[in-house]
């Protein structure tokens, strides 16, 4: 039975949602369920035929989706952050990237018999790892801090840098077909690059100026950004063929690095939009995959995967880590982890469509090879990286850190108390003022929502054991609880009570959230703590043991408010009305000073 167009679009939408939910539920990179659902709908059951469904609209739909995805990735590239990175990451996204490109290109030409230009395009597309696959993998593998930092920042930086490199290779290949001589080729290539750079920079400056001077009301800002992205893409392509993707990438980088332009809301909007586009796009692209073509490549394709895993990546790491302080064991794990992701799949599919339209022979193999590399690297490395890290002894020890939602006065004061006990902390807040104060006080902090995709890619939570929601905003605490209880478990996520909770208000909050509002005794709220700190109360640590225990401490320190206990084995527990810490331990408590009103009563 032939399904109607509206029903097929509904099937794509529901399948996209189901795949993303499945990835969230079982903590897998979303790319795997999306590819699986696409294969089921396409080559396995033939329910979905994207070419028949979209017809001539398939190419422009994929083009616009890829443009938005590349723009969103470019928004994460900030030059000030790159300057602060170590030499290893800079090498990985420069000489290391070129080494990877050379090895994979040669392997595709030699093993698969691809035409040199097509082999070079496969090599260029597959240099990009991408944070959307790395971030969930790091939570499972939990490598030590040095490895974690290198892999996370490599994924973040190589996303836009690798995309630009890939676009330049693609433009060179496509223009070579049209040019009659090498001189003509260089002229057209230079024209394409200049137009892309100029359009991206011009519209980046215009859009940044508009946002800085608030030419658009708040509710139209995201709409305006999306419109400018599409305008930049379309206008650049009309001035020079195939320059649009380069233009939107430059637009994103320009906007991210423009002074006095806050792109946090834009990033949040683009993350949500990209999640929808990526999900639907992957279902559509996977449904077009020629499974028989992939299987027909046989052992040469397996050999290519082995070259990527055992030659290309180790060579990249060897070159990039020369002279670094990384140990041999750390280098070995870095040599193993390099999964390909969203950018590779999306860009390769678009390039294949473009080449097929121009009659390029063998263009259909591009998608088959790239998707095989994606599936092979993601599956293999997801299954083996954890055991390998344990075997090498470079896995993070039992996590002891604390993620604090909020960087307000209460949160910062508690964070300082934990740091004095050698407990690692990370604070997050979407208030720039609180974030700035935390950084000025020497506390690690993240500006933005801790549950955003950007935070997931940037924040290193491999050493995080607990999450404390200490925002005065109960809704913010609830969002943090819902997000992190799935990652760390219900018994590792706590929220401070609000005044509305004590008075019986906030009944619209779920019982699930109220179960997490068990930080400190029941009558303690954020307002209580803030008020006492403002009146001069301080936080002090006291060592408890068999000679001076819990009851003796309370008897000697009347009016004290116990907050945390640092146990002998290094675990930190929050004190509430039902908690009595085991001895020996270090008790962290709120103590009234002699000058505070409470101490004089």
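Here, residue 1 is simply the first one shown, and the rest follow in order.
Any Cβ shown, glycine's included, is placed from N, Cα and C.
Unlike curated entries, TrEMBL annotations are predicted automatically.
Keep in mind that this is a model prediction, so the values were computed, not measured.
Some features that TrEMBL has for this protein:
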- 17-391: domain 'Cation/H+ exchanger transmembrane' (DOMAIN)
- 402-495: domain 'RCK N-terminal' (DOMAIN)
- 57-77: transmembrane segment (TRANSMEM)
- 89-112: transmembrane segment (TRANSMEM)
- 118-138: transmembrane segment (TRANSMEM)
- 150-173: transmembrane segment (TRANSMEM)
- 185-207: transmembrane segment (TRANSMEM)
- 219-237: transmembrane segment (TRANSMEM)
- 273-291: transmembrane segment (TRANSMEM)
- 297-320: transmembrane segment (TRANSMEM)
- 332-354: transmembrane segment (TRANSMEM)
- 366-389: transmembrane segment (TRANSMEM)
What same-chain residues lie close to the transmembrane segment (185-207): Cβ under 8 Å, and 6 or more beyond its ends?
167-168, 171-172, 175-176, 178-179, 224-225, 228, 231-232, 235-236, 239-255, 258
Is it true that the transmembrane segment (219-237) and the transmembrane segment (57-77) have 3 or more CB pairs under 8 Å, sequence gap of 6 or more?
yes
Given the transmembrane segment (89-112), which of the listed stretches 57-77, 273-291, 297-320, 366-389 has the most Cβ pairs that are under 8 Å apart from it?
297-320
For the domain 'RCK N-terminal' (402-495), jot down how many residues DSSP puts in helix, in strand and in coil.
45 helix, 21 strand, 28 coil
With contact taken as 3 or more Cβ pairs under 8 angstroms (pairs 6 or more apart in sequence), are the transmembrane segment (118-138) and the transmembrane segment (273-291) in contact?
no
Any contact between the transmembrane segment (297-320) and the transmembrane segment (332-354), i.e. 3 or more CB pairs below 8 Å with pairs at least 6 residues apart?
yes
So what's near the transmembrane segment (57-77) in sequence-distant terms, Cβ-Cβ under 8 Å and 6+ beyond its ends?
50-51, 131, 156-157, 159-161, 163, 226, 229-230, 233, 244-245, 248-253, 255-257, 263, 266-267, 270-271, 273-274, 277-278, 280-281, 284-285, 342-343, 346-347, 349-350, 353-354, 357, 454, 457
For the transmembrane segment (332-354), distant same-chain residues with Cβ under 8 A (at least six beyond the ends):
29, 31, 58-59, 62-63, 65-66, 69-70, 73, 121-122, 125-126, 128-130, 132-134, 137, 141, 143, 147, 150-151, 159, 162-163, 166, 170, 174, 242, 245, 278, 281-282, 285, 288, 308-309, 313-314, 316-318, 321, 326, 363-364, 366-367, 370-371, 373-374, 377-378, 381-382, 384-385, 388-389, 392, 394
In terms of Cβ proximity under 8 Å, which residues at least six beyond the ends of the transmembrane segment (150-173) contact it?
70, 73-74, 76-77, 82, 85-86, 88-89, 92-93, 97, 101, 117-118, 120-121, 124-125, 127-131, 133-135, 138, 143, 185, 189, 192-193, 196, 242-243, 245-246, 249-250, 252-253, 326, 334, 337, 343, 347, 351, 354, 457-458, 460
Could you give the residue numbers and ranges of same-chain residues that sit at least 6 residues beyond the transmembrane segment (366-389) on either side and whose C-beta is under 8 angstroms from one of its C-beta atoms?
28-29, 31-32, 35, 108, 112, 114, 118, 121-122, 125-126, 133, 137, 140-143, 285-286, 288-290, 293-294, 297, 301, 304-305, 308-309, 332-333, 336-341, 344-345, 348-349, 351-352, 355, 395
